[in-house]
Amino acid sequence: MPRSWPRCTNGVAIAPSLLAADFGRLAEEVNSLEDGDVDRLHIDVMDGAFVPNFTFGTDTLRALRAETDLPFEVHLMIQRPELHLDTFAQAGADAMTVHWEASPHLHRTLTAIRQLGCRAGAAINPSTPALCLFDVLESCDLALVMTIDPGFGGQKIIPSTLEKVRRLRAEIDRQGHPVEIEVDGGVDASNAAACVAAGATVLVAGTAIFRAPGGAGTGIRTIASAAAG
Ligand code: DX5
Ligand code: ZN
């Protein structure tokens, strides 16, 4: 059964991205998050085809599932995600986000994710217009705006992507669906407030949390207080 999905503290959720964690100590890194105020874990799955990198599979997900009760938000940066939804749901995903660019039948895929009992997310790359998601908002629990080119952490945010967040926020409010807007890539204390001001309600951060000088808990608190403005 999916874990209860978290509330956004003061309207904004922080989602640490495991991509920036020490892959040799994943369980410890995940447990270190419990010191901070996070309510979900962002797990980037990459297939070396949709993006030029490889990361985690279902075995890693299953192993981490046994380590924590944090809800798992799985970001599927893979070709043909519709072929793998059931295996990721079985492995412990609470939410799955697929890319518009990899989903010619996006509405069907989002519906299939929800039928598995998971929350459904749709993601767009920096060059994909916000309006590509406008007609699937009623089938989404989350809209993910990539604020970097996907595949690698540690990049600088692409400032123009925040205009897409503004456009999505306006359309979501116009349609009246309770869709979260997530920004993913290059998010840190220097831009968290701008992301929230643009309309983001979920901030994914990898480097700014797992590589924070004072540790993951400090990284989370720094971003959360910056986001609060
Ligand atoms: C990149 C991933 C992001 C990335 C964020 O393709 O989708 O989640 O790990 O990491 P930072 O915060 O380091 O940019
Ligand atoms: Zn991601």
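Quick reminder: no glycine exception, Cβ is built from N, Cα and C everywhere.
When the candidates H75, H84 are compared with the substrate site entry in TrEMBL, which names S17, G151, F152, G153, G154, D184, G185, G186, G206, T207, the shared residue is H75. Rounded to a whole value, the Cα-Cα separation of D44 (divalent metal cation binding site) and T207 (substrate binding site) is 13 Å. Taken in sequence order, the binding-site residues D44, G151, G153, D184, G186, T207 that lie near ligand 2, meaning a CB under 6 Å from one of its atoms, are D44, D184.
Excluding H42, D44, H75, D184, which define the divalent metal cation site, the same chain contributes A15, S17, L19, I43, E73, M77, T97, L144, V204, G206 within 8 Å (Cβ to the Cβ centroid), listed in sequence order. Other Cβ atoms within 10 Å of the Cβ of H75 (divalent metal cation binding site) number 28 in total over all chains. On a Cα basis, H42 (divalent metal cation binding site) lies 14 Å away from G186 (substrate binding site).
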